[in-house]
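What Swiss-Prot says about this one:
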- His161, Cys196, Cys200, Met207: Cu cation A1 binding site (BINDING)
- Tyr218: phosphotyrosine (MOD_RES)
- 1-14: topological domain 'Mitochondrial intermembrane' (TOPO_DOM)
- 46-59: topological domain 'Mitochondrial matrix' (TOPO_DOM)
- 88-228: topological domain 'Mitochondrial intermembrane' (TOPO_DOM)
- 15-45: transmembrane segment (TRANSMEM)
- 60-87: transmembrane segment (TRANSMEM)
Amino acid sequence: MAYPFQLGFQDATSPIMEELLHFHDHTLMIVFLISSLVLYIISLMLTTKLTHTSTMDAQEVETIWTILPAIILILIALPSLRILYMMDEINNPALTVKTMGHQWYWSYEYTDYEDLTFDSYMIPTSDLKPGEMRLLEVDNRVVLPMEMTIRMLVSSEDVLHSWAVPSLGLKTDAIPGRLNQTTLMSTRPGLYYGQCSEICGSNHSFMPIVLELVPLKYFEKWSTSMLT
């Protein structure tokens, strides 16, 4: 869960989000080193009075500043491609959930069950109970089993939306006429909040997402109660 004046990412609760945090730190270190080197060179150029007459035609320097950026780009691209593959590859999911974006709410369908569907609307501020989050609570939470691979199918009924849950490293565009997929797995139970991340109209800010990750036995009890 995010908190006021937060500078970093939310705590990772999925393997993909952990990989994204490592990649962020890896890339930030490279950017910091490059920025430090550039600032050092600029300070030298501003403070020294000496000039190197052969710098205008130095093959060695040109070779270095051609090869070195290529190596840096490779060091950034390789872990990025690995994470992209992890996010797209879904092997034998234990559960498939289809979510549809509407103006301005979400609907969910558990495709492994015969008739388990519901809509999820934001709870108005006037109806909130003590301790609940303003603009983030919904009337129907998405209950899912933890420590299991879940496939999310994301689409839209009307305009562009985006289904995003930051602490799980999820952000998938909901496009009318197209079915996108992403994988989800939580390493611990809890409530995970998200919102629509694509401006979709006047009530775009009122499309929260709440995932409730629970142990498998509690998920089975919940699904049974929803079907009866």
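Cβ atoms here come from the backbone N, Cα and C positions, even for glycine.
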Least buried by Cβ count (within 10 Å) of the binding-site residues Cys196, Cys200, Met207: Cys200
Number of Cβ atoms other than its own within 10 Å, given for His161 (Cu cation A1 binding site): 30
Mapped DSSP class for Met207 (Cu cation A1 binding site), helix or strand or coil: coil
Pairwise CA distance, Cys196 (Cu cation A1 binding site) versus Tyr218 (phosphotyrosine), rounded so that it is a whole Å: 27
Contact set, same chain, for the topological domain 'Mitochondrial intermembrane' (1-14): CB under 8 Å, 6 or more residues outside the stretch: 20-21, 24, 166-170, 184-188, 190-193, 213
Packing count at the residue listed as 'phosphotyrosine' (other Cβ atoms within 10 Å of its Cβ): 15
Across the topological domain 'Mitochondrial matrix' (46-59), average pLDDT on the 0 to 100 scale: 70
Cα separation, His161 (Cu cation A1 binding site) to the residue listed as 'phosphotyrosine' (Å, whole number): 30
Env. residues of Cu cation A1 site, Cβ within 8 Å of mean position of His161, Cys196, Cys200, Met207 Cβ: Gly101, Gln103, Trp104, Trp106, Ser162, Ala174, Gln195, Ser197, Glu198, Gly201, His204
Within the topological domain 'Mitochondrial intermembrane' (1-14), residues counted as helix, strand or coil by DSSP: 0 helix, 0 strand, 14 coil
Cys200 (Cu cation A1 binding site) - helix vs strand vs coil (DSSP): coil
